[in-house]
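Asks: This structure is in structure tokens; I'll ask about it shortly.
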Amino acid sequence: MTDSDSSMLQPLWTFLLGHSSLMHSPVFPVLFSLSVYLSCCAPFLLLDLLSSRWALVHRYKLQPGSSVSWASVRSCLAVTFYNHVVFILPLTVMHWYLRPVHLPQEAPPLARLLAQVLVCLLLFDFQSFIWHLLHHRVPWLYRNFHKVHHTFSSTSSLTTEHSGVWETLSLGFFSAMTPFLLSCHPLTELLFFVVNISLSVEDHCGYDLPWSSHRLVPLGLYGGARHHDLHHLKSNCNYAPYFTHWDRLAGTLCTQED
């Protein structure tokens with residue numbers, strides 16, 4: 001790595017170190033996660049409000065006959081806050097106590113940060129694919145642990161975290177352990193969390209927009225919102241959250257043409 005590559009992120013990391021008391025707080029991971037999640041959901045909630053009035057927006061809905069009700073919004077928010085406050089927060093505090101946060105003075109090289117974020121996404125995608133496939137193929141697991149997430153056959157941004165406790169903790173464990181196993185810099189970890197949350201929300205947004213991620217990745221390697229909406233609609237295909245290679249290999253990939 002060149003010196004310029006190593007120093008490119010230093011001003012940003014120095015700024016964050018100036019707020020190290022916040023980053024050392026045991027509640028920071030929960031507040032950060034919720035803030036990023038709700039910020040990612042907000043634009044799609046606005047689209048939900050506009051889609052019933054503007055044909056220009058409605059044309060991009062994956063399920064044009066569906067709509068988002070205030071009751072579903074309240075239900076999704078209630079489940080999200082309940083899981084974060086009752087389960088994730090105590091576990092985060094326990095983790096903070098057992099493994100205090102270490103913030104190095106040096107920022108990571110940009111190339112390494114980007115490469116590790118991509119590897120984290122690929123590993124998380126694999127872990128989630130196995131978990132998801134297992135919880136669909138074993139009826140007892142589906143009925144007791146995953147069915148909550150399929151309450152809504154039509155996706156919307158806030159259904160992203162409408163999950164039972166076991167599913168929330170499992171996916172949270174995968175997202176936390178992956179950067180730990182790769183010995184990622186805290187800045188890399190933060191970026192991975194932001195990207196992971198934003199992609200997950202986009203998966204559930206219910207819109208196939210011109211700038212959607214699956215349109216930016218060539219060769220159909222990335223599924224995106226269309227891919228995951230079909231999973232909620234059919235329930236027997238498209239188990240990987242992001243990329244399509246695992247579903248191709250397992251014979252569980254389906255498209256709108258199928």
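Along the chain as shown, the residues are counted starting at 1.
A Cβ is built for glycine as well, from the same backbone N, Cα and C atoms used for every other residue.
All annotation found in TrEMBL is predicted automatically rather than curated by experts.
So TrEMBL lists these for the protein:
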{"type": "TRANSMEM", "residues": "27-50", "note": "transmembrane segment"}
{"type": "TRANSMEM", "residues": "71-93", "note": "transmembrane segment"}
{"type": "TRANSMEM", "residues": "113-134", "note": "transmembrane segment"}
{"type": "DOMAIN", "residues": "117-252", "note": "domain 'Fatty acid hydroxylase'"}
Asks: Taking DSSP states H, G and I as helix and E and B as strand, how many residues of the domain 'Fatty acid hydroxylase' (117-252) are helix, strand and coil?
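Replies: Secondary-structure breakdown of the domain 'Fatty acid hydroxylase' (117-252): 98 helix, 3 strand, 35 coil.
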Asks: Short question: which residues 6 or more past the ends of the transmembrane segment (27-50) have a Cβ under 8 Å from it?
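Replies: Residues 57, 60, 67-68, 73, 80-81, 84, 88-89, 92-93, 156-158, 160-161, 190, 193-194, 197-198, 201-202, 205-207 contact the transmembrane segment (27-50) from elsewhere in the chain.
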